[in-house]
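*Asks:* Sharing a structure, written as structure tokens. Questions coming.
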Amino acid sequence: DGCGHTVLGPESGTLASINYPQTSPNSTVCEWEIRVKPGQRVQLKFGDFDIDDSDSCHSSYLRVHNGIGPTRTEIGKYCGFDFQMDGLIISRSNEVTVQFMSGTHISGRGFLAAYSTTDKSDLITCLDNASHFSEPEFNKYCPAGCVIPFADISGTIPHGYRDSSSLCMAGVHAGVVSNTLGGQINVVISKGIPYYEGSLANNVTSKVGPLSTSLFTFKTSGCYGTLGMESGVIPDSQITASSILEWSDQTGQVNIWKPENARLKRAGPPWAAFISDEHQWLQIDLNKEKRITGIITTGSTLAEYYYYVSAYRILYSDDGQKWTVYREPGVDKDKIFQGNTELYQEVRNNFIPPIIARFFRINPLKWHQKIAMKVELLGCQFSIGRAPKITMPPPPQNKNDGKNDDFSDDFIHSVKTSLQTDKTTFTPEIKNTTVTPSVTKDVALAAVLVPVLVMVFTTLILILVCAWHWRNRKKKAEGTYDLPYWDRAGWWKGMKQFLPTKSAEHEETPVRYSSSEISHLRPREVPTMLQTESAEYAQPLVGGIVGTLHQRSTFKPEEGKEASYADLDPYNSPIQEVYHAYAEPLPITGPEYATPIIMDMSSHPSTPLGVPSISTFKAAGNQAPPVVGTYNKLLSRTDSTSSAQVLYDTPKGQPGPGAAEEMVYQVPQSVAHSTGSKDE
């Protein structure tokens, strides 16, 4: 009468003393006999051990034996408060006997232990949680029987479980391992979340949990996508039932709760059976064999109709004629699945191992008021894939042919069973399946090649964009139409004559004076007229008589010899329009040369008779100018009886007036120069 929570599986299990984790009663005893497959050994691990040792393990203790029965041999006898068992207790054979004796005592929780075969080197107990491990990812083996009433979990899939939750119990809730069989879990630790939801799944209730520093999730095969009830991939014609509830309400409207209404999360009424008994069923045709890993159910979801199914069986078939009731491996009775406890909550149950079938039936066994439910199936596409070719060994040559036939039939049946339960790695064909298949070599290769190709194409695009921008900037620097550097400014100045001017005050017009205009100016007006706005042009290239041209023209001089200043006197000629064309434009920073001016000095009253007209331009004739590269003086009389000497400035970039041989034309500037008072 001292046995507590006990689940003894074929490869693993869990056992605890009575009333654990509370104080065990006095004078109780329990004995467990554990057997695993022949050729294997048993390992025992304690999750908690607290047995009174006041009488030195005389009346209260735990004893472990090799073997079962009178031939068993003792491995060890243990007692003590909060006793820490170092390592595992390993048997010498495939059989172990565990004996718990509780004498007279005041305190002591008793014990909880797990066992497995020795090939499970990473065995943990049902009491271990994520906070006991520091690795961000690890694999552990959970024993069978970890759905225990004294352990709590918070959270659900896919969001994760609170770090204080029992790893193995959460694994059962998530559908990763079976409570009857146990199994391997792959745990991933990540940052916690502020709130953990609660849910009911696989007969485990997850509670709502508060904020935690970390959480854990499980890595799985990924075959947990929806198979098409909610999305409509499964058509109405493939959903049938044993009976349909049809009735008229108070208004006389006929209500029919048809099988196609049994789609999870669909608004409206559910499917309901006309008669509520254990012979009713809801059937789903998947059109071909699928790997079915779970089912989600709800009640009617209508507040005025409080109907739901609280327990059911699952049947499956390949042809819709011969049906098999789902059972867990090693269990000789049908598995009864826990259904809903109210009409709204979604309840999930997983199939471990999964069901491979085309036709799927739900057989309600318990319900509230009426049989009514909505359903969704979980799973993925099933394919045998690269199944090994079955080679039958030749039967032994003996007279017992009947035994050979039995052997062959058993062998084929075992091979078929193994092919149906093996894991497959494929991409589900169901459109709404939200699962990630197991990664194969091809997927891994694609995962490497795709980012590399994306990076290469991105780099090429960036190079082309940069080259295009660089080319545009170069074009900007050299001119809009990509003219050579030495020709771009002249081209622009030539084009400006065809463009409309912005305003009259900014117009730049070549300054031209005729002899008659100069003669009519008063002495004080002459300097004013001479101080015109600086020209933007360099040295004049042609002078004399030219045809009427548009302003701002930049013609080059005609080919031929240069004319002398003395060859042509424009002031003695008939009045003609004199136009001076200019060569290359000057930079924006400022003009190098002044505005060309033609003055009729001979007509000035103060000018000596022998002084000829002076021009700063080359003459139109063939004679060279008499003076080149020297400072020329321009004297003019004013009414102030003082004379000024006009000098020519030095072009920009030249060393100064001293380098006379490098100077050609200068800008006339008035510089104060005291000369003797001439005839006043």
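Heads up, the Cβ atoms here are built off N, Cα and C, so glycines get one too.
Sharing the features that TrEMBL gives for it:
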type: DOMAIN; residues: 3-118; note: domain 'CUB'
type: DISULFID; residues: CYS3-CYS30; note: disulfide bond
type: DOMAIN; residues: 120-216; note: domain 'LCCL'
type: DOMAIN; residues: 223-380; note: domain 'F5/8 type C'
type: TRANSMEM; residues: 443-468; note: transmembrane segment
*Asks:* Return the single residue from the disulfide-bonded residues list (CYS3, CYS30) that has the minimum number of other CB atoms within 10 Å.
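*Replies:* Checked CYS3, CYS30; of these disulfide-bonded residues, fewest Cβ neighbours within 10 Å: CYS3.
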*Asks:* Averaged over the whole of the domain 'F5/8 type C' (223-380), what is the pLDDT?
*Replies:* 94
*Asks:* Within the domain 'CUB' (3-118), how many residues are helix, strand or coil going by DSSP?
*Replies:* 0 helix, 61 strand, 55 coil
